[in-house]
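First up is the structure itself, then whatever we jot down about it.
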Amino acid sequence: MASWNSVPMEIIYQLLGWSAIICWALASYPQIILNFWRKSVVGLSFDFVMLNFTKQSSYLIYNASLFFSATVQRQYFEKYGFDQMIPVALSDVFFPSHSILLIFIVSVQIFLFECGDQKVSNSAVAIFAAVWVFAAACFFIALPTHSWLWLVSMFNSIQVLMTVIKYSPQAFLNFTRKSTMGFSIHTVVLDFIGGVATLTQMSVQSIDQGSWVNFFGNIGKPLLASVSIVFDLIFFYQHFVLYRVKASKVSSQRDPESTEALLENSDHLQGIATTN
C-alpha cells in the first residue's frame, strides 16, 4: 500500500475530508430545526427522504466494506495496484452513519407534524423496492466467486444513481409549489461546501501520488460531489431567483399554503358573523 509523499499534503487531505464530512453532516440539521420551528414538514419532499435513506445506506455499505474489510482491500489492490492508496477515509464511514440517524429523526417529524396533502409517491416506493431487490440479486451473483469488491462497487453505483434521483423530487416540488419555503436553504449551502471540499480533497491525494487512480477506484465519491453541486446550484437558482421571497416575509409566514387556508377560514367565519 502506498504512503504519502508529503506530510503537509496528508494534513490538508485530512482537513478537507473532515471539513466536507462536517458540512454534509451539519447540512441535515437546518431542515430538522426548520421542521420543528414550523411544526410542519410541508415543502419537504417525502420522496427525497425515502430515496436519501437508500442512498446513504448504500454509501455506508460501500465505505465501511472498503475501509474495514481486509478481503475487499486485497481485491482492490489486485485490481488497481498495490502501490495505490485505499480511497476511503474514516470520515467517509462516519458521514452516512450519521445521515441515517438524522433521516430517522426527520421521518419521526413527518409522522408528528403537519404534512398537508403530501405523501410518498408510488414511484418512490417502486424505486426503493427495485433497488434493494437488485442489491440482493448482486449479492447472490457475487457469492459463488467471492467477488466482494464487485459487490460493494455495485452499492457504490447505487448510491451515485440514488444521488441523481433523490434530489429530483425536491426540485420538482419546489417547481410545482413555486416556492422553496419549507426546504432549508442553509442545508443547500452546507451541502455545496461539502461537495467542493470533497473534490478538492481527492485532487490533493492525486497530486501527492502523481496518479488519478483514486478518482476511478472510487468513482462514486467524485460523482456524488459533482451531482450534489449541480443540484445545489439548481436550488440556489430556485430560492434566490425564481421563487425569491423577502426575508421579512419568510420570517413572518408559517407557510403559504397554511396562510391561505387560515385566510379562507377567517373570511368564511366573518361572513357567517355578518349574516347573523
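Backbone N, Cα and C atoms are what each Cβ position is placed from, and that goes for glycine too.
The feature transmembrane segment is assigned by TrEMBL to 12-37 (among others). Within the same chain, residues 4, 44, 89, 91-92, 94-95, 98-99, 102-103, 105-106, 109, 113, 182-184, 186-188, 190-191, 193-195, 197-198, 200-201, 204-205, 208, 225 sit at least 6 positions outside the transmembrane segment (12-37) and bring their C-beta atoms closer than 8 Å to a C-beta of that stretch.
Per TrEMBL, the feature transmembrane segment maps to 58-77 (among others).
TrEMBL lists 93-112 (among others) with the feature transmembrane segment.
Marked as transmembrane segment by TrEMBL: 124-142 (among others). Outside the transmembrane segment (124-142), and at least 6 residues removed from its termini, the chain residues within Cβ reach (under 8 Å) are 46-47, 50-51, 54, 58, 148, 150-151, 154-155, 158, 162, 165, 169.
Among the features that TrEMBL reports, transmembrane segment is placed at 148-168 (among others).
The transmembrane segment annotation in TrEMBL covers 180-203 (among others). Taking Cβ pairs closer than 8 Å, the transmembrane segment (180-203) reaches residues 13, 16-17, 19-21, 23-24, 26-28, 30-31, 33-34, 38, 40-45, 87, 170, 173-174, 214-215, 221-222, 224-226, 228-229, 232-233, 235-236, 238-239, 243, 245, 250, 253, 255-256 in its own chain, all 6 or more past its ends.
Residues annotated as transmembrane segment in TrEMBL: 223-243 (among others). With a threshold of 8 Å between CB atoms, the same-chain residues lying at least 6 positions outside the transmembrane segment (223-243) that come near it are 20, 59, 159-160, 163-164, 167, 170-171, 174-175, 178-180, 183, 185, 188, 191-192, 194-196, 198-199.
Residues 1, 84, 86-90, 92-93, 95-97, 100, 131, 135, 146-149, 152-153, 155-156, 158-159, 162, 217-218, 220, 224 of the same chain sit 6 or more residues outside the transmembrane segment (58-77) yet have a Cβ under 8 Å from a Cβ within it.
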